[in-house]
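Notes follow once the structure below has been shown.
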Amino acid sequence: MNQTNEDIADDPRVLEAAREYLAVLEAGRTPNRDIYLSRHQDLAPALEECFDGIDLAHAVGGGLRPPSPPERTAEPLGDFQILRELGRGGMGVVYEAVQLSLGRRVALKVLPFAAGMDAKHLRRFQTEAHAAAQLHHTNIVPVYAVGCERGVHYYAMQLIDGRPLDVVISGLRGDNGIAGNKVGSTVEFRAASTTPPETPSVAPTISRTTKDRESFRSAALLAVRVAEALEYAHDAGVVHRDIKPANLLLDAKGTVWVTDFGLAHVAADVGMTQTGDVFGTLRYMSPEQAAGRRAEVSILTDVYSLGATLYELLTLEPIFPGQDRQTLLHQILHDDPRAPKAINRSIPDELETIVLKAVAKSPADRYATAGEMAADLRRFLDDRPILARRPTLVDRARMWARRHPAYVNAAAVVAGLTVVGLAASTALVVREMNRTAAALQGEKKRAAEAEQRFDLARRSADEMIRIADEELIDNPMERNLRRRLLDAALAYYQELIELRREDPEGQADLIETRSRVSLIVADLSLMQSAFRHGLLGEQSVQDDLKLTADQKKRVSVVLQDIGAYLRQDGGRARNEDRQANILNEIKAHESAIVRILTPGQNRRLSEIALQVRGCGVFRDPDVVSELHLTRDQRDQLRALDDGPPWGGPPWGGGPPRGPGEDSKGPGGPPPDQQGPPGGRFGDRRHGPPRRDSIAAMNKAVEILTPEQRARWREMTGAPFAGTIDNGRRPGGRPGRPG
């Protein structure tokens, strides 16, 4: 129980039990001690001593009595007749009493459980009384007498007819409670008993309108009075250590009084308190006081507490809002308070600067004395420049480092290790730099060679496109060669695009390449779409598709329409706009054909188109992608490609025609280039499949893997048994080879 005896006045469980016990006594009932002792069995001896003291004090004081007229039925305590209780805290109970020898009203503070208190707490009480008795200042409540009667220690003070500052702040805030004192209050004032109803309003100079500049000046003046009183006490060697609104009384004249030196510490009495003891109200404690660092508690602790009090008086909010002990303690030790102007923008900048300097985390960053704080406040009141300055970024960094020495030390260790590591790795870095330089030269050389190969590949592709676009475009005999060149150029450009994808400097070339590839794709799309349309003009294809009479008629109209468009456009110069127009026109007609045919007929038309293209179909990008052809397979299939299995395009190089249409317009071959009359089977320009093409297709299929062959059969469907009449015109003249 040694530890419990030392901390009895500070243990919240003991204090709470004492309050409940006293409340039962004041209600005129006899409290059952067993209930409280069973609730806190580990504190049973301490609670027994505490309850004995409360019983004695209650018997002496006669319990709470009405404020007027006082009844003096209880036995006096020495020269003092107790009238009623005014307030209570961790150190004792304050009563209103009458000093019988002089007939004056006084405030009498007693230890209700002093009869069972150990020597440590008795010395603390005696130190408080003697320290307070030494102080004679206009704003410090004077002590009249100190004594001990029947084991009850007490001292008498001047009775101040006024209100505590926390009650005034509560009134300005507009609430009924004292929000700032919910956690760890030392004294719990009873406003109804402290000031009778007829007492005039206290602190008339403090306005209820916090935006009024005069109210801020009044608050600053009040802080000046308290700071000067503290400076006086500090000069006498006394540190209050519990400055807070509840310990600042305002009388009817507006005078502020510093009271309750119940936790005062005389600097010379170094043996009374021990390291780790925490005295005072937590919300207003300085960081060093809240952390229990006794050696650091000094006059600067009072400067901090006064700053926290002034902060709440200006903003009407506590400096830290935590509502439980752990949260509040963490905020005091680690968090910076919210800037007062962030709460009330009307607060003057100078006053905010003074408050923030007073509540700095480190004592070294606060005012050196309460007198210096009072002097700066007077400069503000006199409209003179204050000495306090807002901390710079460097100051903030320095203060943060001071609050977090562990982080700073860890950073220093890391920095030291980093320097050692850098020194050890310097030699390795130099050696690797030499290796890197040599490798860089090699990479530059390889990059230059790669660039040369890239340029060569591009020039080759450009030359293929030039030949296809300029020399072969108007030569129907070389249409198959032109397609091969376009296919090869497309493959080259697709690879070039991939090579330049991550090269920012090649963006201009990439744009040009994309434009060229777009033209190539449009050209191939034009040829493939026209090929598809032309097949519908063949009777054998119509029979295979089982077109109805209505479908044949509608298809004939579409084919005639696109044929007329192509004949009309055939003689114009070749350019991007013309090519785009042709492609759009063909797409529109193809959409019309898709709508005419059923889904099954459209699918079958695509299958026939794949079958009649010969080995060249395996160079189609869509077919290559669908079958997942390897490069080796593509090379073998390209070697087998020897033109289409039928004599050429099914419309003789001209625009597609409808069934039975006389194609005498543009697109037909000149007479000297037409085949012999009546050419049919076995002719390379038209007729049934060539035997060498059938053999080539068989070899091509053998090159495919089993999975690819299965997919190819799915793509081509049933074999097409019909024949393609390649542009046979009236008179038996066949079309030209493509």
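Keep in mind that glycine also has a Cβ here, set from the backbone N, Cα and C atoms.
Taken from TrEMBL as is:
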| type | residues | note |
| --- | --- | --- |
| BINDING | K109 | ATP binding site |
| COILED | 430-460 | coiled coil |
| COMPBIAS | 646-658 | compositional bias 'Pro residues' |
| COMPBIAS | 681-693 | compositional bias 'Basic and acidic residues' |
| DOMAIN | 80-381 | domain 'Protein kinase' |
| REGION | 638-738 | region 'Disordered' |
| TRANSMEM | 406-430 | transmembrane segment |
Let's check the environment of K109 (ATP binding site): how many other CB atoms sit within 10 Å of its CB?
29
Would you identify the secondary structure of the residue listed as 'ATP binding site' according to DSSP, in three states?
strand
Pop the mean pLDDT for the domain 'Protein kinase' (80-381) in here, whole number is fine.
79
